[in-house]
């Protein structure tokens, strides 16, 4: 048994460690997911004016501040009792703000954080087995996805073309956000009762122009085909089977053209997604398209016991047809990307927020009660330095992250969960294709395809809100004053780019915050074990995964643990979000927020 | 730079005709302030190439307790962007956790593979062998619990220990964002902040005795670039000035930095956001918003623009497009050293609150501002905003006339 540890896992947000036990066959047999830092965020909101939360809670995360801002504003709307009155243009501004952040955040993950692992030298050697075709594909991978600091055999190489191009688009999308929200990160748009800025016709035109430019990058680099054609045949396809077939046929055509001349360049139509889609999966690449070799990412990052995993979405983007206001407790009926819970066998259930709970058995917190719902959260951080030790294995306490679960089951949250819950045709079609061929459909390959596809799902909705729904200069907020928050409670459920995000807030008779709690996506995905000793999604996804590239295609190499890297990064970890603490002093240990 | 647009226009013409190589430090600082990053680089592109015929400067970028917001803000920099920044100034970025291929890899507890893939080998090499690099610090340094630093550990050691080694061999430390400069939101008042004990590099909140360098007994020149996040121009141009020798370390620092160790050109002691606010006309006419969503002055909604020293209203953010009050939000003073305690509650007028952590001179300044406000006086900035350089005993900023003298003489 070999112990392979990745510490720190870089190219994520925050600080994170993974420890694994690996057997002689190179299969991971045990894993612990360790959040490495304590920030104490929610406590600084306590005893303070609740209205500050929509701006301050954004400082939890520099990558998705918008999501925290909106989740907090949703909670404050509820707290102040105005959720039912927020003007439709305020809700649409939240949609636009969040959609731009979704696209930028996904682009950053795909290209800056996850993508560089495709330029790992292991793939040079694996692809070389496929002769000139393989070498040509490796050249593309390295030339597109190498990060800013990248060396091979001691020689530095320049950053990849897609990597560099994505920085420009990331910046462009943040400029679009800044037009209506002042700046990124940490914009100032969100406020209780709505938003603080009503857009002008010029703002709307300018944002549309930015989106058009970004879609030019998507066409030239990401997809290699017109996004309109892609969306028409996938997101707008009449059935999941048709959507999956469109992609398979497209890949087959590309391969037919390129196998002879070995041209896998962008200009030959090999967008980044087709290149990954064809060579990333054993099922798609080898079995369905007839390639002799692939990166086999569909075999890694899967769940082996469907009875111990679920998929969760709170729902995101208000539906304009619902008009003013929203119901904070039933997001299922009011969101464009719907809420829902799906079990490990892909059976869909209606989401019920009362089933959410967090346990601390394996976290560095002290509490007599090992499992609490968020509206009764208590967290006392371990204060004795000698008791802070990450290295004692799965039975010990080993993370600053708590372990949330839904009805006792750990849940994966994020783009793949959202896409299968909403029934997006391409992702649903892929899920079915994998199931029909004996594969577990949730894996590193489908997780990345879903993230890419979600960009394309959001763009047409965003365009519609801007061109048809939003009223330039419209009323964007209802008036509130602090006294409306006296002795009240509020809940804000929303989706960050990386998954389900909930804020809970309570106030006392002076309207000041008595309790604030955020349960964030990376707490779901990257938790330690829960109170029933069930490993978290990332731990389950690692156990059974092979340690080195493409299912140990070159033999077992513990020192280049690509299996860990791909799987852990596929969740788009955001650890600054995931570590939080509530009540050290015990001043309000039994405070219970009664959510309607 | 208290100058109006017209003064700036004149200066801009003047700077364009200057010989970069002969430009002294103060003129250089003025030039980047007035021209802005993009125009500055364009104007002096050829001269820069000549000036850079010396060996590359190494940069080590460390992340402590933070949300990566400043890294994101640097990726949003457009003039120059992060790639141009590294190229134009001939910088070699040795370590940056978000932008590097490598990660820490241990097999049975021992470092594995090579520096091509293992970030801990890269880091060890830096900590043991490198000297004279610019250390860019993002994020606070955990000192808790009980001084152990165990609230942030990386690669099996505390960040505090890594930071101490990295700081010792640095040429200078450029702290970016409020987490690094002053502890930031991590150090905000709460029931557990003493237990966590997060530290800024040279200050914790407004306390200069609580910087981590003091605690570690390390003396290093520190340049603070506050903001939550900080502005990419502030970072890139400051590092550029250091690398080009336009700010000599440490001799020039007392002249170019304010008493929070911030470059005065970006955080002008005699100038606040309110001075150039796009809503200023409403303020002068006494027209105020009482609820969000409208075009008028945001003073009564708690705007901290009149007390916040930064060039946000002229520089703007994200492609120089916008800044907070223009986008409808009161300024929340995120560049202020005591942020957020010194500027919250965000949506309450200053004089109506007993602001935690705000020093008495700030309150006095506010009172004066408030009195003048009642008269709708335009002169508020001249009266209320003279404080910092007076009490700090630091050198005055050059006036446009002085610049004229300095640059005209080509010393």
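Here the Cβ of each residue, glycine as well, is placed from N, Cα and C on the backbone.
Record features (TrEMBL):
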BINDING   A:42, A:580  Mg(2+) binding site
BINDING   A:61, A:64, A:574  Ni(2+) binding site
BINDING   A:64, A:577  Fe cation binding site
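Neighbour count (other Cβ atoms within 10 Å of the Cβ, all protein chains): 33 for residue A:64 (Ni(2+) binding site).
Less than 8 angstroms from a Cβ of chain B: among the binding-site residues A:42, A:61, A:64, that describes A:61. Take the CB of residue A:61 (Ni(2+) binding site) and look out to 10 A: across all protein chains shown you find 33 other CB atoms.
Taking CA atoms as the reference points, residue A:61 (Ni(2+) binding site) and residue A:577 (Fe cation binding site) are 6 Å apart. Of the recorded residues, residue A:42 (Mg(2+) binding site) and residue A:64 (Ni(2+) binding site) place their C-alpha atoms 17 Å from one another. In the three-state DSSP classification, residue A:61 (Ni(2+) binding site) falls within coil. Packing around residue A:574 (Ni(2+) binding site) is summarised by its Cβ count: 31 other Cβ atoms lie within 10 angstroms of its Cβ, all protein chains included.
Between the binding-site residues A:42, A:577, A:577 has the most other Cβ atoms inside 10 Å of its own Cβ, all protein chains included. A separation of roughly 9 Å, to the nearest angstrom, links the Cα atoms of residue A:64 (Ni(2+) binding site) and residue A:577 (Fe cation binding site).
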